[in-house]
């Protein structure tokens, strides 16, 4: 299937202040978005795709000046693909606090004339959803045919169905969870500690020092990456294979340099991430993950939290995902069924762990293709 081809982001400016869940207010902010396909006359074929931790508005296609810049969900979104841009108008939004053009820690604070840095207010999933709703308003979209996301993006999709029930026809929540477990919060805390303890962090004002806390970011990414893969997947990819600088394949070097393939892989992923991502953004997004808990206001009762939803749901999980295990998706399914909502659920047998939601798995893609076919028939797309 063909790619959607060359795409270009656009920057949307919002003068109306946005009050955040923390009580802080952001005024005169911007959000970077990309769109694919055409919005129909009835404005009924719009799909919002919400991104996960290190992704962005760049969901599909490539940029003219970089043919390697393929969108993070390009295998899923495009002409003839499961989310078919010949039939749907797809929107990707870079969230507040990110480092890919939307207002965030790297942006200039108008009160000081310097980057916000650590002074950028803490944001939540709910704050992102409110900001995304303003994007929808700007496009004249009263109701999305679907809001979809994987992992943290799935949390946003679920939040949309809670916060704007009348504006979401279908919620597609993939490899997600109704709240983080203590173990997941612990992983985030260790990652944040690596960043905060980096001497180049400078209290979050490293921009003024001309440095980046790359050592901390590397470790944070390495920790995260371990949780995205399954044990079986790591065993198949790396096993205990050696990767020594001198090329030896059958002997230990008895040092603390890289000796195993898996070590080399993690260091490569950490180095790559530290080159393009912002440490303050990493702190913000992991804290947003920690705070997401729609049942908290209902004494932990998820069924009560979902009582006023109106959407139809597709919930999907992956058998080897231990970061957000299938049992967590089934919690959402049970709460929705308790509320007599229309729910489709699939647990896909895939060896790739949490990252499976990003990969081109035939069963997974066929599931989404069939579900979007149903939506297309509903909206006449």
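Residue numbering: from 1, along the chain as shown.
Any Cβ shown, glycine's included, is placed from N, Cα and C.
What Swiss-Prot annotates here:
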| type | residues | note |
| --- | --- | --- |
| DOMAIN | 45-360 | domain 'AB hydrolase-1' |
| ACT_SITE | 151 | active site, nucleophile |
| BINDING | 221, 355 | substrate binding site |
| ACT_SITE | 321 | active site |
| SITE | 323 | site 'Important for acyl-CoA specificity' |
| ACT_SITE | 354 | active site |
Handout entry: residue 323 (site 'Important for acyl-CoA specificity') versus residue 221 (substrate binding site) - Cα distance in angstrom
Key = 15
Practice task
Look up residue 151 (active site, nucleophile) in the DSSP assignment and reduce it to helix, strand or coil.
Solution key: coil
Exercise for the section: Identify which of the recorded positions 321, 355 has its Cβ surrounded by the largest number of other Cβ atoms within 10 Å, counting every protein chain shown. Expected result: 321
Problem - For residue 151 (active site, nucleophile), nearby residues of its own chain (Cβ under 8 Å, 6 or more apart in sequence) - result: 52, 53, 174, 175, 176, 323, 324, 354, 357
